[in-house]
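So the structure is just underneath, and the comments pick up after that.
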Amino acid sequence: MRSVQIFLSQCRLLLLLVPTMLLKSLGEDVIFHPEGEFDSYEVTIPEKLSFRGEVQGVVSPVSYLLQLKGKKHVLHLWPKRLLLPRHLRVFSFTEHGELLEDHPYIPKDCNYMGSVKESLDSKATISTCMGGLRGVFNIDAKHYQIEPLKASPSFEHVVYLLKKEQFGNQVCGLSDDEIEWQMAPYENKARLRDFPGSYKHPKYLELILLFDQSRYRFVNNNLSQVIHDAILLTGIMDTYFQDVRMRIHLKALEVWTDFNKIRVGYPELAEVLGRFVIYKKSVLNARLSSDWAHLYLQRKYNDALAWSFGKVCSLEYAGSVSTLLDTNILAPATWSAHELGHAVGMSHDEQYCQCRGRLNCIMGSGRTGFSNCSYISFFKHISSGATCLNNIPGLGYVLKRCGNKIVEDNEECDCGSTEECQKDRCCQSNCKLQPGANCSIGLCCHDCRFRPSGYVCRQEGNECDLAEYCDGNSSSCPNDVYKQDGTPCKYEGRCFRKGCRSRYMQCQSIFGPDAMEAPSECYDAVNLIGDQFGNCEITGIRNFKKCESANSICGRLQCINVETIPDLPEHTTIISTHLQAENLMCWGTGYHLSMKPMGIPDLGMINDGTSCGEGRVCFKKNCVNSSVLQFDCLPEKCNTRGVCNNRKNCHCMYGWAPPFCEEVGYGGSIDSGPPGLLRGAIPSSIWVVSIIMFRLILLILSVVFVFFRQVIGNHLKPKQEKMPLSKAKTEQEESKTKTVQEESKTKTGQEESEAKTGQEESKAKTGQEESKANIESKRPKAKSVKKQKK
């Protein structure tokens, strides 16, 4: 075993190792490795130095005092800019292979570069994102790696002295002939007169780092450790490339936490590189764009420690791979920088190439920096194009937080610049809400006020989606939820990842409303061939995997009853296959890998979750049992009055309330926010309850009305004095006698009245007779008149 120099007393070392071993037994990630890639180590306590004129709360350079081998060294550091985005995207996978995306919290301004005072050509790259100092630095020709000692309560750190490493020719697998062949397409485009313009403006490279499953296991499945390793690796590469005025920006990170996405068990790293560039182009580029991608592998190979292929800004196959074997960070970062140098046009150094007067440069066999030859190659390449390096990444760190249109820390809002804030009715330029305002942005914010409870802030997109509602107390809309995978939908389909998967619907979406799904004969005739029109997997530019007979129905979509050729995206090919025996015309589309970088979607591949038989679905181009969807929402769970969402909670129908749709309510789930009363849609349950309550209220009101009527009636009657019973009886008899007398009197009066009336009638009759007699007496007698004439 190699001897180790220890700069501690034996007692102190014993006290240091005991808690370290104890914590290790408890599962802590204690970084304490005296062997491996290090010559020696010692423990020190960095002392932060303060200077006059420092402004509290403003990011400024920092300095630490380190004592190594009995000598004091001052480490000056200043913050790195543009190293990370505001929200770093981290992709990982569940044990079932489902893709996850996270945006972990990373402290602001925790990455630094610097140098050691009074040390020749010293450089340092330090990260404080995990607490303590972690990184690399050199004092003269010696390189060190510093790590915080987690077992220490007094800010102790372990400083490792790295080996004097000469990588040799085994580092990079690229030969000079291969480099010349890869550079050939760019040579004729370069123009020497473009060098000054290219040098004047800095370049920016957006990088994606990937880590295989072995590396994830090496750090005890600690995803946070992998993230901070990636940040430090990128920081070291960025420090190297600042010499040529190019910045490295870590755009995203992918960790294969479940299994490796490509085969990595080849004896040579070059074969892994071939698989990786296919994965990058066919899978990674579809998820997010970048200028370059690099894969780290926890494995040794026979041919080299690192490989690369292609150039930045190329839509063709490009990428790099390297090994990451232990806790030594500087060596893998240097190998990555070497391969990234090839990606930006740098060749291997010749014997006459120098960096700071030395021969061990990055593009040779050392780690001092880039040589003068690398400078020339780099500027020659960027003069030939490489326009993607001109894009400035989004600023990840800004000193002035208020005004960047991002609500953060204690800000209530952020309307941007002063001019923009003058037009904002809700937010002030000091990132405070206007007086009387509740909010400024959000799906549940309108005219500076919260939307009322029950307002639909996100409509359902289809029958497999679910709506979300404002709660009246926040400007944010609840997270998007949808029906659980496996929920039945129309045309005998199933919901899967927020969409109804059905061959019938997929045929109509491509070939029009008259199209129908084809029978199994079409799938067998096409998908068992294994070309761009019929396959179960695209494995390369011109390589296709034919389907097995049992899985042919999960390959490329086949339709019938196609009347017209549809208008599809450019470069999409339609193919028809005639089956003479069945007299069928089968229709489908073709697809190949070169269409992926152009952003052309593959419309003709059967969607995962599509039914392929009774109790079976297509999943990853195989016809498998539908249990893979993990659908476990029985109707009884929601009392047959709702469905389960993707969080396995009941989303109730209108008229019933969550969580289990047992009580009367307005529907929704505990995840959707509270729905409101629908206009013109009152469910029967509410009608029944309303009628019962109305009748009950009427009954109560009737009883109350009768009661008060009787009370009021009794109250309005005149009061009567009480008297003795005998007196009351006498008065009652007198009253009775009086009543009889009155009745007799009344009867007598009636008889008198009748007699009087009779007399009057008799008198009137006599008068009429007398009047008649008088009239008759006055008439002349005719007989006497006749006698006088004679």
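Every residue, even glycine, has its Cβ placed from backbone N, Cα and C.
Per Swiss-Prot, Cys650 makes its disulfide bond with Cys638 among Cys633, Cys638.
Looking up Cys353 in Swiss-Prot gives a disulphide bond to a cysteine among Cys355, Cys373, identified as Cys373.
Under DSSP, Cys373 (disulfide bond) is assigned to a helix (H, G or I) in the three-state scheme. In the three-state DSSP reading, Cys652 (disulfide bond) counts as strand. Note on proximity: of the disulfide-bonded residues Cys313, Cys477, Cys633, Cys652, the one nearest Cys353 (disulfide bond) is Cys313, by Cα distance. When the disulfide-bonded residues Cys373, Cys633, Cys650, Cys661 are compared by Cα distance to Cys361 (disulfide bond), the shortest distance belongs to Cys373.
Within the same chain, residues at least 6 positions away in sequence whose Cβ sits under 8 Å from that of Cys652 (disulfide bond) are Cys638, Arg641, Gly642, Pro658, Cys661, Gly665, Gly667, Gly668, Ser669. With a 10 A radius on its CB, Cys457 (disulfide bond) counts 20 other CB atoms from all the protein chains. Cys355 (disulfide bond) sits 66 Å from Cys650 (disulfide bond), taking the Cα positions as reference. Under DSSP, the residues of the domain 'Disintegrin' (399-485) split into helix, strand and coil as follows: 5 helix, 14 strand, 68 coil. Distances between the Cα of Cys477 (disulfide bond) and those of the disulfide-bonded residues Cys313, Cys373, Cys644 are shortest for Cys644.
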